[in-house]
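Here's what TrEMBL has on this protein:
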COMPBIAS  1-13  compositional bias 'Low complexity'
REGION    1-29  region 'Disordered'
BINDING   E75, S99, A100, M101  substrate binding site
Amino acid sequence: PGAWSPPSYSSVPPSAPAREGNGRGLGLPASQQACGWEEAVGDDRLIHERDLAWLQQADAVVAEVTQPSLGVGYELGRAVALNKRILCLFRPQSGRVLSAMIRGAADGSRIQVWDYEEGEVEALLDRYFEADPPGQVAAAPDPTT
């Protein structure tokens with residue numbers, strides 16, 4: 001396998017129909033590109049409701065936070081409100097600075113922020129979930145040990 005690179009964020013599962021850009025950044029399905037904005041808003045509402053349902057069902061949330069994203073920030077805020085376990089992964093080598101709202105939310109237990117380098121993600125996730133299997137609440141490991 002090649003080197004791991006962080007996936008681009010998408011709330012649409014791999015089984016969802018492919019979307020095509022419409023030149024305005026909406027990413028609507030091709031069948032809806034000729035429709036009015038009301039349909040786009042309806043589609044956005046369905047995606048929002050579906051993603052919130054997934055969030056409510058989740059035992060833990062893992063977010064790659066190197067690339068700033070309003071959607072990821074919104075979902076993290078909702079996850080905090082739902083008292084979910086949260087692991088944020090940040091790649092300092094990107095040259096970016098992580099938002100203080102993310103880094104400052106880390107409490108070392110329920111909300112954690114781990115810096116990582118490419119190639120470490122699978123091992124970090126294994127370590128995180130082995131120490132705190134879904135459904136349990138316990139202190140998570142220090143990723144540097």
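Even glycines carry a Cβ here, placed using N, Cα and C.
What TrEMBL annotates, mapped onto the structure for a quick look.
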{"residue": "E75", "record": "substrate binding site", "Cβ neighbours (10 Å)": "21"}
{"residue": "S99", "record": "substrate binding site", "Cβ neighbours (10 Å)": "14"}
{"residue": "A100", "record": "substrate binding site", "Cβ neighbours (10 Å)": "8"}
{"residue": "M101", "record": "substrate binding site", "Cβ neighbours (10 Å)": "10"}
Next item on the list: Could you tell me the maximum Cα-Cα distance in Å between the residues recorded as binding substrate, namely E75, S99, A100, M101, rounded to a whole number?
Entry: 17
